[in-house]
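Colleague: Got a structure here, written out as structure tokens. Questions coming.
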Amino acid sequence: MASDTTTTQLAVATAVPEAAPRTPPISVIGPIAWMRANLFSGWISTAVTLALAYLIARWVIGFVDWAFINAIWSVPNNQTQACRDLRGTGACWAVVTEKHRFILFGTYPYEQHWRPALVCVLFVGLYIVSAMRRFWRKELALVWILALTAIGILMWGGILGMPYVPQERWGGLPITLILSTFGLAFAFPLAILVALGRRSKMPAIKAICVLYVELIRGVPLISLLFMASVMFPLFLPEGMNIDKLLRAQIAIILFAGAYLAEVVRGGLQALDKGQYEAADALGLSYWHKTSFIILPQALRLVIPPLVNTFIGFFKDTSLVLIIGIFDLLTAGKTAIVEPAWQGFGVEVYITIGLIYFCFCFAMSKYSQGLEAELNRHRRR
Amino acid sequence: MSDATADPRYRRTPPKRPIRFSWSDERVRAIVWQLLVVGIIVAVVWWLVRNTQHNLEVRRIATGFGFLNREAGLPIAEHIIDYSPTNTYLRALIVGVLNTLKVAVIGIVLATILGTLIGIARLSKNWLVSKIAGVYVEVIRDLPLLLQLLFWYTVLQGLPNPRNAMNPVAGVFLSNRGLLLPWVEWQAAHTGALLAMIVGVVLTWMYSDVMRARRMQDGQPRRVWPIAVLLILGLPVAVWALMGAPFTPDVPALRGFNFRGGFVVSPEYFALLVGLVTYTSGFIAEIVRAGILSVGHGQWEAAQALGLKPGTVLKQIVLPQALRVIVPPMTSQYLNLTKNSSLAVAIGYQDIVSIANTTLNQTGQAIEGIAIIMAVYLSISLSISLFMNWYNAKIALVER
């Protein structure tokens with residue numbers, strides 16, 4: 001019976017003359033329909049769209065005028081009068097053209113600038129390699145050690161025919177990258193230990209970890225940096241002196257450690273209790289349980305918030321400006337101290353902002369991609 | 001399942017085992033480890049303290065907070081309470097704390113408003129609106145706050161001088177001396193009106209609580225707003241009128257090279273506030289967006305199916321659920337804004353960090369100065385956390 005009806009239906013269907021495949025009406029698909037749905041869906045929406053479009057167009061035209069059409073790209077030997085005449089109507093990118101070496105590398109000896117430049121390239125390469133999941137294995141630690149050693153050799157020099165450059169003359173982008181990379185490389189293991197300590201059953205260790213985390217998170221980074229710059233020298237025995245850069249680095253490590261510890265703790269708490277109990281039931285010791293069962297899973301859970309915290313600390317290293325360490329932002333601020341170039345801060349800050357933005361935007365996009373990839377099994 | 005937990009065998013506590021003094025006993029190991037860690041920490045601290053004492057003796061720096069009663073001699077441009085350089089360090093530091101609170105409190109309010117608006121804009125059905133909000137959030141969050149502060153400060157300093165000040169609305173001037181707004185000459189009656197308004201708000205709150213309780217009993221809706229208007233607006237006006245209704249407008253005007261009168265927002269404060277508010281609003285926008293998205297679509301549909309009005313749906317159904325997701329991360333943003341206000345020192349706004357830093361440079365009391373900064377921020381952080389935890393507990397889901 002059933003097959004009978006299907007055949008009749010089929011016969012009817014084939015009897016109808018072949019209709020040409022029709023596209024949906026223009027009001028349902030295509031750019032016009034999209035605009036109607038997303039830009040002009042009602043009179044309020046239309047009004048908002050038009051007003052915003054007008055404002056954006058005006059602002060973009062004004063910005064292009066200022067930044068490109070009326071801009072001055074270079075001036076002969078510090079004659080900034082032409083730039084000053086253009087104040088408000090055109091950008092003076094000449095300040096960046098003139099000072100870009102200083103902004104990027106600070107007071108590093110001019111003819112040796114290839115060394116910090118190579119260091120920046122090494123850092124970026126290191127980040128890219130670490131970001132690729134196919135390289136997430138033990139050998140990566142070796143790569144890090146090698147790269148950081150190479151960076152140290154390049155910056156200090158003194159061997160292989162490279163003249164020695166003292167730390168006081170380092171500056172600019174390499175300092176920003178050194179402070180953030182070394183800061184996170186040391187803060188991360190510290191954070192794991194503190195997070196484990198905070199969940200420990202031993203009351204004294206738990207109390208110490210809680211005290212450390214809450215104390216650090218309750219005060220601004222500046223107060224720690226001040227502590228590193230004015231108070232730390234009092235702590236050390238006479239005659240023993242630690243470089244200012246290293247002191248700031250220690251402050252950043254301690255600060256980042258507390259924040260990262262809270263992120264790691266989130267992962268430890270989110271992990272199913274059954275994992276802890278199963279590991280205990282297998283008779284694993286605490287460190288075996290932690291390093292083979294708990295941490296691999298817990299850290300995987302918190303990779304996206306970890307990357308967000310990394311972005312935060314990359315930006316926060318700029319605070320060393322306040323204690324006078326020569327990072328990228330300090331170099332930019334110092335570049336416009338010279339009387340000839342005073343008053344061109346906006347151009348310099350936009351340039352530095354672009355550099356920071358490139359790093360942070362890349363990290364944030366990476367974090368979003370990673371989050372999507374790691375959650376793939378949860379999506380339906 | 002309930003049978004298993006009801007089984008008396010599961011409720012028995014494990015038998016107490018006597019401690020064996022061997023490495024294989026977990027409790028012995030715990031004690032040894034803790035003693036070791038505490039011992040190391042105590043030793044390090046003791047070493048640091050001894051070094052510090054020795055260094056202080058060598059440099060002839062007296063410890064203690066006695067310097068607080070000495071004359072400060074440091075000028076402070078902005079102060080809420082009366083202050084002159086002949087006052088003590090203690091008063092200078094209090095002025096600093098008040099300046100910090102001034103920027104933090106106003107910053108938190110403005111950042112919440114701006115952030116909520118942008119967070120909602122990001123969810124807008126209008127493509128242009130949501131894209132602009134998205135770009136704003138991405139750009140603001142990927143630039144260091146200090147850079148933004150320096151940028152705003154430079155922009156404000158690049159404004160024309162008072163003689164060529166921008167005058168967007170009558171009585172409002174924007175120049176490199178800051179923002180000037182028209183104001184009234186403040187008199188006792190105004191303080192009275194302000195106090196009356198606070199009393200009015202508290203009374204309204206209590207009144208609406210009572211009305212809500214009555215509504216819960218008999219289900220009859222009651223109007224609250226006429227009484228609320230009377231208490232919040234009528235009461236201050238009445239007090240002001242009773243005290244003689246003084247009103248003298250104080251409009252800023254150019255005298256020579258600078259402005260006289262009006263309400264002055266200094267460029268330092270303005271730059272700090274703009275920087276903090278725009279920066280924090282980028283983070284708050286993301287929190288608000290996540291909070292609204294966390295309320296399932298079914299909740300909207302169910303409320304609509306019940307015939308509730310859109311405003312009621314938002315107020316009674318969606319917002320209470322979204323707030324549960326929003327409040328905890330919002331607390332940490334408020335704390336961040338307060339701590340970030342310490343960057344004021346970079347652009348010359350005299351907050352507690354700036355004044356304590358000057359104090360420790362003048363007196364050499366490094367340890368005390370930093371201890372003061374830390375104590376101030378710890379207590380501010382703790383108060384915000386306590387308040388937000390109380391609020392969070394109030395709106396939390398009541399579970400069995």
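Glycine residues also receive a Cβ, built from the backbone N, Cα and C atoms like all the rest.
Annotations in TrEMBL come from automatic prediction, not curation.
Keep in mind it's a predicted model, so treat the numbers as computed, not measured.
Below, the features straight out of TrEMBL:
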TRANSMEM  B:30-49  transmembrane segment
DOMAIN    B:97-388  domain 'ABC transmembrane type-1'
TRANSMEM  B:103-123  transmembrane segment
TRANSMEM  B:188-207  transmembrane segment
TRANSMEM  B:227-249  transmembrane segment
TRANSMEM  B:269-288  transmembrane segment
TRANSMEM  B:370-391  transmembrane segment
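Describe the structural surroundings of these features, if you would.
Modeller: Within its own chain, the transmembrane segment (B:227-249) has Cβ neighbours under 8 Å at 182-185, 187-190, 192-197, 199-201, 203-204, 207-208, counting only residues six or more beyond its boundaries.
A Cβ distance under 8 Å defines the sequence-distant neighbours of the transmembrane segment (B:269-288), meaning residues of its chain 6+ beyond its ends; these are 78, 102-103, 106-107, 110-112, 114-116, 118-120, 122, 133, 136-137, 140-141, 145, 148-149, 151-153, 155-156, 178-179, 326, 329-330, 333, 336-337, 340-341, 343-344, 347, 349.
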Colleague: What residues in the same chain, six or more past the boundaries of the transmembrane segment (B:188-207), come closer than 8 Å to it by Cβ-Cβ distance?
Modeller: 224, 227-228, 231-240, 243-246
